[in-house]
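S.K.: Would you mind keeping the following structure in view while I ask a few things?
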Amino acid sequence: MQKRRIITVDPSTSIEMRHYSNNDVPYSSVGDDEVPSSPKATDKIRKVSMLPLVFLIFYEVSGGPFGVEDSVNAAGPLLALLGFVIFPFIWSIPEALITAEMGTMFPENGGYVVWVSSALGPFWGFQQGWMKWLSGVIDNALYPVLFLDYLKSGIPALGSGLPRVAAILVLTILLTYLNYRGLTIVGWVAVLMGVFSILPFAVMGLISIPQLEPSRWLVMDLGNVNWNLYLNTLFWNLNYWDSISTLAGEVENPNHTLPKALFYGVILVACSYIFPLLAGIGAIPLEREKWTDGYFSDVAKALGGAWLRWWVQAAAATSNMGMFIAEMSSDSFQLLGMAERGMLPEFFAKRSRYGTPLLGILFSASGVVLLSWLSFQEIVAAENLLYCVGMILEFIAFVRMRMKHPAASRPYKIPIGTTGSILMCVPPTILIFAVVALSSLKVAAVSIVMMIIGFVMHPCLNHMDRKRWLKFSISSDLPDLQQETREHEETLIR
């Protein structure tokens, strides 16, 4: 049994104990004076508008072509290019569409956690939150690694040892502080970083035009393909569209802004991958073994000289900083949203004077520091597997909500029926199983252990709640979603 403390608005502040089974969704409310971060208390905090939201999505998913080099190494030019053309239709567009529909149906910071809780119950909602938060933190540990990999060719001391460790710590502290100062600041910083990161590749593309040999784009060797590396690279570079849903409560007019921002984000991300690959592959003689992390800086030097190489390296550093702050915002606000729904202790819902979830930021930053010693490929494989399990839960929740509550209010609705919803989820689900099947035993073992920890954490938190060792509460400013759904469907029947 799951138990939540419901604090009434009666002046005596009496406490009513309610019990819920694991199949119920405990969307009740608490009094305003007991809620540490109610939306009313943060009305004066500026919301995120369209342009910053597009670039936050850009950095949640991509940040530019940095990290796509391994696709050429793994599969050759033609498969690499086809992957970034076809893969968005298999994965990115379906995930973005589901995020648009579910994110406007549940416009609050819990994001996908609330989707799964509403469809499958609080146990699976908590597992979704644990796996997606953990995969997000693992993902964020990549960015200091990529940042230093791009700089080490110019500053060899950053390749290993104490200077590398010190650089990771300093970078993490500075970017964590930026997240603390507010999401609006993070959004506009993301816009500036995004423009700076994209510009050198536009210049590189123009310079490459006289040297392009289209025949290089068609090179393929099916007998020499590292499918595991290829799929993991594509998957990592084109997922995480749902991450923006955990910031929905901070978005200005999310029902209108979120779907449009996702549409523009898909276009921006696809272009940021395809055009640099076309330029780099078409203008430089193919040496597949050189296409590894950071190789675009060598391509830039070959095409434009040292000045363009330094610009690409600076853009890579900037891009990784942008991805770091965007991911940390998503991870930390997810914890805040879970606390506002009573899934985590109340102290996770407390905001700083800038409206940011201080404890969520600190937890996320600590995870990044602990995981940043892993290699790039190990990090990608580990977070991909956890992310896959979370996405399966999201697909199930999406279809189940279509079947269970077809008439519920959906400010943005994908123009397909229930059968179409199921069919839309089939290709990405097949892809998920392919990624999982190709994972190494080491990665699978680590991921399974992490999932088991989540299974244990949920009943432990419930026990702490029953014993009142920790305080759990549900914000009164969040809607009773089940009640709203019932009222809307009853209105349609009448």
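Backbone N, Cα and C define each Cβ position, glycine as well.
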S.K.: Match it up for me: which of 110-126, 127-143, 331-347 does TrEMBL list as transmembrane segment?
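M.R.: Residues 110-126 are the ones TrEMBL records as transmembrane segment.
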S.K.: Decide whether the stretches the transmembrane segment (110-126) and the transmembrane segment (379-399) have at least 3 CB pairs under 8 angstroms, with pairs required to be 6 or more apart in sequence.
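M.R.: Yes; at least 3 Cβ pairs under 8 Å.
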S.K.: Ranking 48-68, 74-98, 185-209, 354-373, 379-399 by the number of C-beta pairs under 8 Å to the transmembrane segment (444-461), which range is first?
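M.R.: Top-ranked stretch among 48-68, 74-98, 185-209, 354-373, 379-399: 379-399.
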S.K.: Can you work out which residues elsewhere in the same chain, 6+ from the ends of the transmembrane segment (261-286), have a Cβ less than 8 Å from its Cβ atoms?
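M.R.: Same-chain contacts beyond the flanks: 50, 53-54, 57-58, 61-62, 64-65, 68, 72, 77, 80-81, 84-85, 88, 92-93, 96-97, 99-100, 198, 201, 204-205, 208, 211-214, 216-217, 219, 237-238, 241, 244, 295-296, 299, 302-303.
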